[in-house]
Structures are given as structure tokens and as C-alpha cells.
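One structure, as C-alpha cells, below. Some questions next.
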């Protein structure tokens, strides 16, 4: 193992992604209980630790793949700056502490959810990536859980329509988001022999499937104003416009990949903000 720096550790835990996971957890908690408590903060910290631990373990599992993909080749394990043993120990330590904090925040139910997320992401999704082009469906199921973790940790009802809609939004957003990102490194993925739909399906079939996912994502967004989830008419109009923007992005998904990706990501952020503002009942003079 070469010299390990703080920057290497940050790259190992993918701190930006882990921070976004923590933010999604905090968002879910605020939707359930719209005022900050220690439980909100503990649940967010727990998912940050879990995400960082999952990332470290994932990079150990996929070190050979990371080495042949330009975007990931500079990660510390493929470069030899962090060894497999050190990466594994750090990942397990972060996951274990994350589980402890999550149990402290939300009790046994939250702990079991946290264990399930790690089991699905590192135990199922990561190995399946080498075997099937639709492994992302498994990964997305785990990736959509952070808002659920936050919601449940603060005592939100598990069968709430709001929770179902938010989980569905996160789930459906991940598919086009990842596929559009993967198009940037298609030749590297081909070299790594990963069976992505972009590579394993005929172009026309892949394009149709990508549009289907965009349309499904748009329908999920349009469900928000269709059901009584928002109090303010202005907020319903804004979310409806977001759904229309996704339908537009579906038409651009193949020809204007970057534009479609930005729209997909921006819509998720916009809907999160709208839901939170509506839940907090923040006065906005425009509406």
C-alpha cells in the first residue's frame, strides 16, 4: 500500500455522494416531522456513515473494474494508495458505526432497514452488475431508501402515501440518471465487459427503454399534484411543470444526453424543495 492521504479517504468514501445521501435522509425526516430534532441529525449522520462504508466496500469489490474505467481509475485502491485490507476494514468500521447510530436514532426498525440497505447494495447489486444488464434495478431499490430511513427514524407512518411517492420518485430517477452517465464511459464499460443495456441491447431498443424510464419518472412526478399531497395550488403548478419538463427531456435523452441528465437531476431537486416548502408552510408571497 502506498502513502494514504485524507484526500484518498475522502475518495474512498465518496464524501460528496455520502453527503447527498445524508441530505436525502434529512429531507425524509423533515417531511415526516417538520422541525429539527436530534433524531433528524442522528439519522442523517448514520446514513452518511453507511453510504461511506458501502462505497469503501464497493471499491474493494470492484477494484479490477475501476482500474479500466477512466473516471474511476484514479481511485486509491486501483492506484495502490490504499490496500484491499485497509479499505475493507474502513468500510466495515463505517458501516458498523452507522448501524449503531441508526439504532440510536430510530430503534430496531431503523437498524433492520440499514442492514437491509447494505445487504442489497454490497451483497446483491455489486455482484449482479457483472452478470445482468438490469442489476441497477436492485441497486436503485437500495439507493432510494435514504428518505425512507429519515422518515421512519422520526416516527413517520410506513404506509404514508407521501412516503410511497417520494420513494418512487427516487427509485425512478436513478435509472435514467445512471444510464445517461454510463453513456460517457461506454467504451470503458465495454472493455470491462459489464452488461449494461447501452451495450447489450440494440440502439433503438435501448433508446425506447430509456424513454420509457423517463416517462415513468414523469408520471411519478405528476402523481404529486394529482394526489392530495400539496396544500398550495402554486406548488402543484410548479410540480406539474417539472413533470412536463421530464417529458421534454425524454425526447432529448438520446440526442442531447447532457441536457436530459441535467433536467432529470434538476427536477428531483425541485420537487424535493417544493415538498419541503409546502410541508413547512413557509410563506411565499408569489403563492
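Backbone N, Cα and C atoms are what each Cβ position is placed from, and that goes for glycine too.
Keep in mind it's a predicted model, so treat the numbers as computed, not measured.
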Checking feature assignment: transmembrane segment per Swiss-Prot, candidates 191-211, 212-232. Which range matches?
212-232
Considering only Cβ pairs under 8 Å, which range in 100-120, 162-182, 212-232 makes the most contacts with the transmembrane segment (19-39)?
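Per the Cβ under 8 Å count, 162-182.
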Sequence-remote contacts (6 or more beyond its ends) of the transmembrane segment (134-154), Cβ cut-off under 8 Å?
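That would be 21-22, 24-33, 37, 39-40, 42-44, 46-47, 51, 102, 105-106, 109-110, 113-114, 116-117, 120-121, 124-125, 128, 160, 163, 166-168, 170-171, 174-175, 178-179, 197.
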